[in-house]
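So that you can see what the record holds, here are the features copied from TrEMBL:
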DOMAIN    B:9-522  domain 'Cytochrome oxidase subunit I profile'
TRANSMEM  B:27-48  transmembrane segment
TRANSMEM  B:68-93  transmembrane segment
TRANSMEM  B:105-128  transmembrane segment
TRANSMEM  B:191-219  transmembrane segment
TRANSMEM  B:251-267  transmembrane segment
TRANSMEM  B:274-295  transmembrane segment
TRANSMEM  B:307-332  transmembrane segment
TRANSMEM  B:344-366  transmembrane segment
TRANSMEM  B:378-399  transmembrane segment
TRANSMEM  B:419-441  transmembrane segment
TRANSMEM  B:554-573  transmembrane segment
TRANSMEM  B:579-597  transmembrane segment
Amino acid sequence: MQAEEKFTDATWPAAPEKATLEGKNKYLGFWLFLGGETVLFASLFATYLALKDKVPNADHALAKDIFELPLTFITTVILLTSSLTSVYAMYHMKNNDFKKMQAWLLITVLLGAAFLGLEVYEFNHYVHEFHHTFTSSAFGSAFYTLVGFHGGHVAFGLVWIISLMVRNAKRGLNLYNAPKFYIASLYWHFIDVVWVFIFTVVYLMGMVG
Amino acid sequence: MSTYAKKKGFGATVWDYLTTVDHKKIAILYLIAGGLFFIVGGLEAMFIRIQLAVPDNDFVSAGLFNELITMHGTTMIFLAAMPLIFAFMNAVVPLQIGARDVAFPFLNAVGFWLFFFGGVFLNLSWFMGGAPDSGWTNYASLAMKSAGHGVDFYILGLQISGLGTLIAGINFLTTIINMRAPGMTYMRMPLFTWSTFVASALILFAFPPLTVGLVLAMFDRMFGSNFFDVAAGGNTIIWEHMFWIFGHPEVYILILPAFGVFSEVFATFSRKRLFGYSSMVFATVLIGFLGFMVWAHHMFTVGLGPIANAIFAVATMAIAVPTGIKIFNWLFTMWGGSVRFTTPMLWAVAFIPSFVAGGVTGIMLAAAPADYQYHDTYFVVAHFHYVIVGGVIFGLLAATHFYWPKMFGTLLNETLGKITFWLFLTGFHLTFFIQHFLGLMGMPRRVFTFLPGQGFETGNLISSIGALFMAVGILIMLYNIIVTSVRNVRVGNDPWEDGRTLEWAIPSPPPFYNFKQLPLVRGLDPYWVEKMEGKDEMTPAEPIGDIHMPNSTILPFVISLGLFVSAFGALYNVDNKDWTLPVMIIGLLITFGAMFIRSVKDDHGFHIHKEDLVNDDDKEVKA
């Protein structure tokens, strides 16, 4: 099966991301990579839990002082929704509907950008309202490293998905780029799962003590 | 071969290796680079032993001694042992499973160049203001206070080379799962492939904690964070946990492939199927699993409490069980076999008592209350050199002699090989056996000198003499390599005559596409199965057809170079120089730019047409 071959709806395989050996390798290799990423974030979570509320003196803000539920709720809803829209994109990819896939990817990207914008606002807020910075305390270092690593992943994912959309805008789907779209969406889901843990461990547990 | 193997000039050969994505050439790159770092690490060891040969010596200063021990450990583990293991994994695993290449040839090259640039960066510290001096474990309580930029070289160099290792691990896992030839089921895979598989899984889960630990250290030293600054609420024990959650699996990442090599060597030179194949596989997986449960045995004296110490002590002792299974399986493989004592077999046979000695002291150290006595003495030094030299290095030297003909098409001289063996073996036991007693008598590790009249003189002198033996042994091996390469007597497919696995069924060195037709695997030790039926080649699993191959590219080199450049910016960032931020950004732009090019530029590889394959055959016959 040639990777660049043109397909009709009838000949488009059911699992285009795994129809070639290259696709199969990418699919498996990326799942493995996400396994490694899980350990990476687990280590960052462990560090955060060890250093939570560890500040030099009583003047420094603690977790229960700075986190606010409304803002975090909005960012969480936005990111979870973007995961859903990326599922729709993959649904249309599997149905060989390139235009609808691009449209849903675009919505995903916009939601991701909105999330990132709110996160920047949030960090800015902490720095100016509470003097809670990367260098102010061990708590600050751990918080910005964990949440910032996640934010960095979101930013990378945005650049990645946009590159894929632009690069393939004119030529549509084939078995060479279908795995690329698929693993980008896997990555996006992973970012989302990490955020669920950040929401729970950092924000919810931060607010109850 | 005529159409592809043209005579090339020196420049073209260098360019070929800079751009290669062929696993066999990447194996050679790993072998050369790892070999060079092995020599550097060996020289550092020699300087340590010269300094400690006599009491009150002033061959090196105390500060330089700290740099030497740090760089000896770091270089040997990260830049010598790991890459040399990757050399043989790359050279052998795709052949053993009947694949034409690894799953990700491009990433394979990225992995090598990241390791290489990381290693070069780390060693540049010697010429740029001093090497790291906080020990290879780089404990934060010491390292964060270390003056100069030595520790920064450690942090950034290991970060870069660690990324390369992670990539290599993912690559081998995918290759082994997806690229096996028809009939090569999991339970027919050779033990070296199995151990590569398990070691790669360990890499996948062990390297991210190291990455995080290094990131935290980097942020603290270069960007003003407070992870390890106790005054700001930080905690230095976090580093110890991160380091050892990585560090303990790391020793299994090193030893498992060595076990794999020995399994191949024992079966081949006993002319017998490996005894207890299934239990060998089981034991390998179990060691890999338990390897993650024992990291805190390096931290018994930190004060984690009796319950944590007890759990980790028991888990550590449990590893002796699967390891014991392996030892007995190797012995039973030889039992009743028709044993041939070639150089690789000598290494394998010598490995068993040496490694068992290291294992026994391992059990002693695992007893947490007793460890308070052994901790930070030469007893520990003796223990880990018995397992790492007696296990990993013996394995690598066995593999060097065993696989040399498959990699280079010529057989290393057996007489010189045996001289190397006896010198190195004698030197090894001279150096390290006595250190057990030095440790029990109370000599602490990492001291740059000792006083006369405390009973340490004889032991240290013997130890230093032993090191000289090992050095001479390695020099003779280098001489052997040069002589063999110059004589260049070509060998056939199966130079040891008793090859059992797929790699011995194809030419030495193999053509760049490895298998003209993918082989059909009909049992464990597939080549041996065919031999027993009177055939001298594998049954093909497919008709001759076009072969798809990846294109060479310089991008892996450029991606790695960018991080190398960027690291200089990060390193000098604390000095408030104007150029550091631009250098960081330019470096990252080079890396991400190259990744972007890779992403948007289609690379479909090329096809070797079946007519060319047939023609090649004709020419080989005529020539």
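Glycine too: its Cβ is placed from the backbone N, Cα and C atoms.
Each residue in the domain 'Cytochrome oxidase subunit I profile' (B:9-522) has a pLDDT score, and their mean in this model is 96. Counting Cβ pairs closer than 8 Å and at least 6 residues apart in sequence, the transmembrane segment (B:378-399) and the transmembrane segment (B:251-267) reach three or more and so form a contact. Using a cut-off of 8 Å between Cβ atoms, the transmembrane segment (B:105-128) and the transmembrane segment (B:191-219) share fewer than three residue pairs, counting only pairs 6 or more apart in sequence. A Cβ distance under 8 Å defines the sequence-distant neighbours of the transmembrane segment (B:419-441), meaning residues of its chain 6+ beyond its ends; these are 49, 343, 346-347, 350, 354, 361, 374, 377-383, 385-386, 389-390, 397, 455-456, 459-460, 462-474, 476-477, 480. Of the candidate ranges B:68-93, B:191-219, B:307-332, B:344-366, B:554-573, B:307-332 contributes the most Cβ pairs within a distance under 8 Å of the transmembrane segment (B:274-295).
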